[in-house]
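Feature list (source: TrEMBL):
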| type | residues | note |
| --- | --- | --- |
| TRANSMEM | 35-58 | transmembrane segment |
| DOMAIN | 50-288 | domain 'G-protein coupled receptors family 1 profile' |
| TRANSMEM | 70-92 | transmembrane segment |
| TRANSMEM | 112-128 | transmembrane segment |
| TRANSMEM | 149-169 | transmembrane segment |
| DISULFID | 172-179 | disulfide bond |
| TRANSMEM | 189-210 | transmembrane segment |
| TRANSMEM | 230-250 | transmembrane segment |
| DISULFID | 259-264 | disulfide bond |
| TRANSMEM | 270-290 | transmembrane segment |
| REGION | 334-353 | region 'Disordered' |
């Protein structure tokens, strides 16, 4: 064990593993690779901004301090960190990869695994909450906040453990024949374990949503109203996006486990599949804010305020008195549009524009 950890600072170890698992090493920054990297970074910046807006909206408005919005904030936080981790991963890829030590490489890949798995667990927590609230007709009350916090804390703890297993010793340093092609310092069995866990979570989410569907569509269900039908549409969209984004990544990792070294050239393009999976973090806040009018208004509030302030400054520079602008804006539809109802609901038919 001591000899294993002694290799963590070996500057030649990463290149040794990449030379063994890959036919060619793409270390040159070609124009196409630079464009792809720039696009990924822009995409991740968009992920960070939109999830930050969701977090600000949930934190600043006490009306959103309920069970569903707490889970939503946790999902937004994990997606935000996933965007940050993927930016770091992109900047440390290419020619920089071969200059990393194993511990730096584990930190780079582990951070992405932790944040992405936290997003998956957050989706599972949301599915559980929706199942409890609709199938069981037992919405969370204020006395359940401790249980919610424990569930969120447990999801992050499991994600940390799952993403930290390679740096703790479950890797292929010293065992090149057991290495993954997609992640050359990770053991194939670890990759299989991660895919299996994520697949089980996916099946659990599908089962929960199917259960919700059956309850809502049942002719004998008391909860089959317009609001729950709108919810059914929302969770169907969430589930569909989750499957579309993650299924290619799961498939490439399963293929990585099954293929011998250097026998499947498609594995050399696996980073495109992981970039596509990251779209899930981009689309999650779009889906939830699109389906909730109250949250959408609160998320857009900083943008509208900035636009309003820019308009006021522009008119002042043009010579228009500033005091004449405020009554016009305050009595217009903007103020009425920013008005929040006393009892905001999430994903329950609140879908009007």
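Glycine is treated like the rest: Cβ placed from N, Cα and C.
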If I restrict to non-local contacts, at least six residues apart, and a C-beta distance under 8 angstroms, what lies near residue 172 (disulfide bond) in its own chain?
17, 178, 179, 180, 185, 186, 187, 188
Out of 149-169, 189-210, 270-290, which stretch touches the transmembrane segment (35-58) the most, going by CB pairs under 8 Å?
270-290
Can you tell me which parts of the same chain pack against the transmembrane segment (149-169), counting only residues 6+ beyond its ends and a CB-CB cutoff under 8 A?
1, 4-5, 70-71, 74, 78, 103, 106-107, 109-115, 117-118, 121-122, 124-125, 128, 185-187, 190, 194, 197
Beyond the flanks of the transmembrane segment (70-92) by at least 6 residues, Cβ under 8 Å:
37, 40-41, 44-48, 51-52, 54-55, 58-59, 100, 104, 108-109, 111-112, 114-116, 118-119, 121-123, 125-126, 129, 145, 148, 152, 155, 159, 275, 278, 280-282, 284-285, 288, 295, 346
Given a Cβ distance threshold of under 8 angstroms, which distant residues of the chain, six or more beyond its ends, lie next to the transmembrane segment (189-210)?
113, 117, 120-121, 123-124, 127-128, 130-131, 162, 165-166, 170-171, 178, 180, 182-183, 235-236, 239, 242-243, 246, 250, 253-254, 256-257
Taking the Cβ of residue 264 (disulfide bond) as centre, how many other Cβ atoms lie within 10 Å?
16
How does the model score the domain 'G-protein coupled receptors family 1 profile' (50-288) in terms of mean pLDDT?
83
Taking the disulfide-bonded residues one at a time (179, 259), which has its Cβ surrounded by the most other Cβ atoms within 10 Å?
179
